[in-house]
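> Got a structure for you, questions after.
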Amino acid sequence: MKRTVDFSMFRCPLCDSSMDAASGKSLICTERGHTFDLSRHGYVNFLTKPVKTSYGAELFEARSRLIGECGFFDPLHDAIAELISHPKSGHEAFTILDSGCGEGSHLNALCGFDYAGKAAIGTGIDLSKDGILKASKAFKDLMWAVADVARAPFHDRQFDVVLSIFSPSNYAEFHRLLKNDGMLIKVVPRSDYLIELRQFLYTDSPRRTYSNTAAVERFTANAAHSRPVRLRYVKTLDQQAIHWLLKMTPLAWSAPKDRVSLLKEMKSADITVDVDILIGMK
């Protein structure tokens, strides 16, 4: 089912004016006529020029398979859904923005939960056109946009929940976009996140270890009433899932090729997911 989009939520990322839908093919700002294409697949491209990213179609395909078919992040989705299980919105539905949504698998999963009888209306933005294209084709009941979180194309106080899952954050924009009493949820890796890959791929490198101290401190400094929730679990992946994980994670991109090849030959592997779910309230 394809959702009817409320274009009134958008504002021009160039001049901050409201947007009008023009014949279903583009959005035009009401002040200066800035025009942004509306894809036939239903997403809006708010970038004025292409942006090169390291995240392409193959990565997003692997990530969607690992999340959708293997349930690699199911416990994470369960934990986040529990945190937002009682949205403060007084309406029958509440709004979620996934900032840095990639191909949309996290947002789609989270919008499928029962939130005390309230429906979750999801919107995802990402700099990668490949990711948003895949999201818009796969999840037609959600809204997608190619956009920069530093100039998010939405009016103030549009969302009950803002998500940032393994993605960069712009806290000034997050604060602007959240409704009063809104919730900010950021997921950052902990030291044991994918620790098996770190230790196998890097025998003598700083990448064998990781600390999220700086990311947690930035969140705490920018989010009111913040608190962390730690989540740690282990998933057993078969050989195909290992291949998807290696395509998905930047840990493998700069690793020695011989170590990557050896990992690909494994029939199965236990992989640790260790994260902090950081919660802040507006």
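Our numbering is plain: 1 for the first residue shown, then up by one each step along the chain.
Using the three backbone atoms N, Cα and C, a Cβ is placed for every residue, glycine included.
Feature annotation from Swiss-Prot assigns Zn(2+) binding site to Cys12, Cys15, Cys29, His34; the stated evidence is similarity to another entry. Per Swiss-Prot, the feature S-adenosyl-L-methionine binding site maps to Glu103, Gly104.
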> Which number gives the other C-beta atoms within 10 angstroms of the C-beta of Cys15 (Zn(2+) binding site), all protein chains shown included?
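Step by step: centre on the Cβ of Cys15 (Zn(2+) binding site), count other Cβ atoms within 10 Å, giving 12.
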> If the Zn(2+) site is taken as the center of the Cβ atoms of Cys12, Cys15, Cys29, His34, which further residues of that chain fall within 8 Å of it by their Cβ?
Arg11, Pro13, Leu14, Asp16, Ser17, Met19, Thr30, Glu31, Arg32, Gly33
> Measure the Cβ-based neighbour count of Cys12 (Zn(2+) binding site), defined as the other Cβ atoms within 10 Å of its Cβ.
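There are 22 of them.
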> Whole-number Å distance between the CA of His34 (Zn(2+) binding site) and the CA of Glu103 (S-adenosyl-L-methionine binding site)?
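About 27 Å separates the two Cα atoms.
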> On a simple 10 Å Cβ count over all chains shown, which one of the binding-site residues His34, Glu103, Gly104 is most densely packed?
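The largest 10 Å Cβ neighbour count belongs to Glu103.
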> Work through the binding-site residues one by one (Cys12, Cys15, Cys29) and name whichever has its CA nearest to the CA of Glu103 (S-adenosyl-L-methionine binding site).
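Minimum Cα distance from Glu103 (S-adenosyl-L-methionine binding site) across Cys12, Cys15, Cys29 lands on Cys12.
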> Can you tell me which of the binding-site residues Cys12, Cys15, Cys29 is spatially closest to Gly104 (S-adenosyl-L-methionine binding site)? Compare CA atoms only.
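Ranked by Cα distance from Gly104 (S-adenosyl-L-methionine binding site), first place goes to Cys12.
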> Looking only at DSSP and grouping its letters into three states, which state does Gly104 (S-adenosyl-L-methionine binding site) belong to?
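Assignment for Gly104 (S-adenosyl-L-methionine binding site) reads coil.
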